[in-house]
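Here is what Swiss-Prot records for this protein:
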- 1-94: topological domain 'Cytoplasmic' (TOPO_DOM)
- 1-30: region 'Disordered' (REGION)
- 95-115: transmembrane segment (TRANSMEM)
- 116-119: topological domain 'Extracellular' (TOPO_DOM)
- 120-140: transmembrane segment (TRANSMEM)
- 141-144: topological domain 'Cytoplasmic' (TOPO_DOM)
- 145-165: transmembrane segment (TRANSMEM)
- 166-176: topological domain 'Extracellular' (TOPO_DOM)
- 177-197: transmembrane segment (TRANSMEM)
- 198-218: transmembrane segment (TRANSMEM)
- 219-256: topological domain 'Extracellular' (TOPO_DOM)
- 257-277: transmembrane segment (TRANSMEM)
- 278-283: topological domain 'Cytoplasmic' (TOPO_DOM)
- 284-304: transmembrane segment (TRANSMEM)
- 305-342: topological domain 'Extracellular' (TOPO_DOM)
- 343-363: transmembrane segment (TRANSMEM)
- 364-375: topological domain 'Cytoplasmic' (TOPO_DOM)
- 376-396: transmembrane segment (TRANSMEM)
- 397-412: topological domain 'Extracellular' (TOPO_DOM)
- 413-433: transmembrane segment (TRANSMEM)
- 434-441: topological domain 'Cytoplasmic' (TOPO_DOM)
- 442-462: transmembrane segment (TRANSMEM)
- 463-473: topological domain 'Extracellular' (TOPO_DOM)
- 474-494: transmembrane segment (TRANSMEM)
- 495-656: topological domain 'Cytoplasmic' (TOPO_DOM)
- 525-648: domain 'STAS' (DOMAIN)
Amino acid sequence: MSARAHPVDDDGEISPVERSSPRQANTPYVHKVEVPPKQNLFNEFMYTFKETFFHDDPLRHFKDQSKSKKLMLGIQSVFPVIEWGRKYNLKLFRGDLIAGLTIASLCIPQDIGYAKLASLDPKYGLYSSFVPPLVYACMGSSKDIAIGPVAVVSLLLGTLLRAEIDPNTNPNEYLRLAFTSTFFAGVTQAALGFFRLGFLIDFLSHAAVVGFMGGAAITIALQQLKGFLGINKFTKKTDIIAVLSSVISSAHHGWNWQTILISASFLIFLLISKFIGKRNKKLFWIPAIAPLVSVIISTFFVYITRADKKGVQIVKHLDKGLNPSSLRLIYFSGDYLLKGFRIGVVSGMVALTEAVAIGRTFAAMKDYQIDGNKEMVALGAMNVIGSMTSCYVSTGSFSRSAVNFMAGCQTAVSNIIMSIVVLLTLLFLTPLFKYTPNAILAAIIINAVIPLVDVNATILIFKIDKLDFVACMGAFFGVIFVSVEIGLLIAVGISFAKILLQVTRPRTAILGKIPGTSVYRNINQYPEATRIPGVLTIRVDSAIYFSNSNYVRERIQRWLTDEEEMVEAARLPRIQFLIIEMSPVTDIDTSGIHALEDLYKSLQKRDIQLVLANPGPPVINKLHVSHFADLIGHDKIFLTVAEAVDSCSPKLSDEV
């Protein structure tokens with residue numbers, strides 16, 4: 001921003017002079033705030049559009065390239081595997097092989113359990129860890145994320161689906177609606193990425209996500225009490241009161257002690273394995289393979305003891321073979337189309353939030369960048385293709401991704417290795433899971449969701465921002481006391497409410513001068529800062545829009561009234577100048593201009609002059625276009641608060 005100089009006379013009025021005029025002795029040198037060069041409407045629109053949707057300049061690699069090179073770069077942007085695949089070597093493969101085998105041992109038992117969480121046959125969990133990871137490996141940009149079904153999305157999807165169709169009485173329609181929801185989840189994710197609308201998921205605050213995930217984890221754990229205790233008749237509701245009532249009411253006749261012995265023993269084993277892995281990072285493989293070891297041992301135990309004859313519930317038959325096509329099962333018309341769309345949008349957004357958060361976390365650890373919009377397209381494509389190959393909503397799994405990271409994965413090939421292992425399982429090993437007890441699946445899921453209850457993050461949220469803590473607790477209690485969808489609705493609602501509150505009620509502060517400097521700061525933050533006699537300086541910490549313009553005007557007037565009462569009580573010089581520090585005011589609209597005009601008229605009646613300090617380019621431009629700068633006088637707009645104070649109070653050095 002350029003600036004011009006003009007001196008101030010002894011009466012505090014600013015008299016313009018030419019830049020070439022010599023400055024008089026002891027005359028403060030002040031700077032005029034310049035209006036930025038005017039742009040035509042099209043250029044201004046294109047600049048705003050680019051900064052909003054293309055701030056990362058995704059087309060920069062295409063500049064000054066031949067048509068053939070641009071075509072290749074375009075293909076690589078959609079399929080990053082083409083770029084990194086050229087540099088792939090045996091050394092990278094070793095790391096990916098170990099990581100892929102490790103996460104495969106973790107995903108197989110988890111997939112069976114998560115499918116049951118969504119009220120689907122266990123084979124659909126395995127299907128969902130075969131096709132989607134292959135698609136993501138070709139299109140995704142994260143090296144560390146491990147793809148497959150996850151607990152929270154499985155619970156959410158199952159809850160929403162059961163609200164429409166009973167899976168016990170109408171399993172075929174239920175399955176069709178699941179595939180339809182998965183299709184629209186993928187379409188939603190891909191559309192957000194393609195149209196670069198990924199910022200929409202940022203409206204769900206971190207605090208709300210922490211609360212929602214924690215509540216969902218407890219809900220999932222409570223749902224596993226059916227398999228953990230061997231209860232046959234169990235509530236279909238997910239709230240904590242209904243679940244605990246169902247558990248207690250079946251205590252005398254519904255619990256199976258053999259089931260409890262199996263589930264409790266292996267849960268302790270899994271927790272000890274996790275503890276060992278946390279204490280010694282080199283032993284990360286122990287908690288990774290513990291679930292598969294538990295499945296093998298418990299299955300063998302049930303088989304040789306025939307515990308299933310004594311009330312221990314088992315998985316029973318699992319079909320062999322690859323994913324069958326499910327394209328014809330998707331609803332593209334009829335009553336269930338809109339229901340599938342609604343469920344797909346909700347589950348797709350939650351899955352997207354989790355995957356992007358996981359991808360960014362591990363990318364930061366390895367110091368590389370992922371493109372959020374490309375990730376959304378990749379996740380969307382894999383779910384669209386997955387819906388056509390008998391898969392349900394898949395996303396990035398935090399537990400598997402953490403194991404993948406610690407196992408030393410180098411590229412997305414670890415997902416391909418995992419898919420191959422799942423493929424071999426589907427072709428040859430599924431009959432071996434016939435005697436796998438449901439109790440061990442319950443123990444595995446409980447062990448997997450425990451880390452989702454992040455107590456340390458909740459405590460930190462409480463310390464940092466109490467309103468964030470309210471959002472966190474609102475989502476948490478909404479999930480565990482009502483339902484998953486209500487908890488999600490509360491999380492989104494409170495997140496939006498916080499945004500609206502911050503937009504409509506921006507902070508304002510009175511500024512004072514730091515002794516020995518020309519710096520003006522918040523007097524509450526710096527108690528040593530001194531007020532200037534006859535001058536009130538207020539900073540507005542937000543853009544001034546229609547949503548907050550009246551509040552800003554009223555808040556400034558209230559500051560002024562309080563200051564005048566204090567000055568009158570202390571018999572100090574009355575307020576003659578009101579300086580508004582506008583550095584944080586990034587923009588202003590028509591309502592904001594009208595609010596300043598109303599403030600100016602009100603100050604005139606009280607014989608107080610309005611002065612502005614350091615308005616930014618968009619603001620100063622609009623002040624000139626609206627002629628507000630002409631109204632208050634160009635000599636009342638300054639580059640800094642210090643210059644404004646010096647100009648308004650030329651005898652300041654004698655008084656302070």
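Here the Cβ of each residue, glycine as well, is placed from N, Cα and C on the backbone.
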Average the per-residue pLDDT over the topological domain 'Cytoplasmic' (141-144) and send me the rounded value.
92
Is the count of Cβ pairs under 8 Å between the transmembrane segment (120-140) and the transmembrane segment (376-396), pairs 6 or more apart in sequence, 3 or more?
yes
Do any residues of this chain, six or more beyond the ends of the topological domain 'Extracellular' (219-256), have a C-beta under 8 angstroms from a C-beta of it, and if so which?
117, 151-152, 155, 159, 162, 263-264, 267, 310-313, 438-439, 441-443, 445-446, 449-450, 479-484
At a threshold of under 8 Å on Cβ distances, which of 284-304, 442-462, 474-494 pairs most often with the transmembrane segment (343-363)?
474-494
Are there three or more C-beta pairs under 8 angstroms joining the transmembrane segment (257-277) and the transmembrane segment (145-165), sequence spacing 6 or more?
no
So are the transmembrane segment (284-304) and the transmembrane segment (442-462) touching or not, going by 3+ C-beta pairs under 8 A with a sequence gap of 6 or more?
yes
Distant-in-sequence neighbours of the topological domain 'Cytoplasmic' (141-144), which means Cβ under 8 A and at least six residues beyond its ends:
80, 359, 362-363, 365-366, 368, 370-371, 374-375, 378, 396, 401, 404-405, 409-412
Grab the same-chain neighbours of the transmembrane segment (413-433) for me: Cβ-Cβ under 8 Å, and only residues 6 or more beyond its ends, written as numbers and ranges.
88, 92-93, 95-97, 99-101, 103-104, 107-108, 111-112, 122-123, 126-127, 129-131, 133-134, 136-137, 146-148, 295, 299, 315, 317-323, 404, 407
Structural state census, the topological domain 'Cytoplasmic' (141-144) (DSSP three-state):
0 helix, 0 strand, 4 coil
What parts of the chain pack near the transmembrane segment (442-462), using Cβ distances under 8 Å and only residues at least 6 beyond its ends?
109-110, 113-114, 117, 151-152, 206-207, 210-211, 213-214, 216-218, 220-221, 224-228, 263-264, 266-267, 270-271, 274, 291, 294-295, 398-399, 468-469, 472
Is the transmembrane segment (95-115) packed against any residues at least 6 beyond its ends, judged by a Cβ distance under 8 Å, and which are they?
121-126, 128-129, 146, 148-151, 154, 285, 288-289, 291-292, 294-295, 315, 392, 397, 399-400, 403-404, 407-411, 413-418, 420-422, 425, 433, 436, 440-442, 444-445, 448
Looking only at residues six or more beyond either end of the topological domain 'Extracellular' (166-176), which have a C-beta under 8 A from one in the stretch?
119-120, 329-331, 336
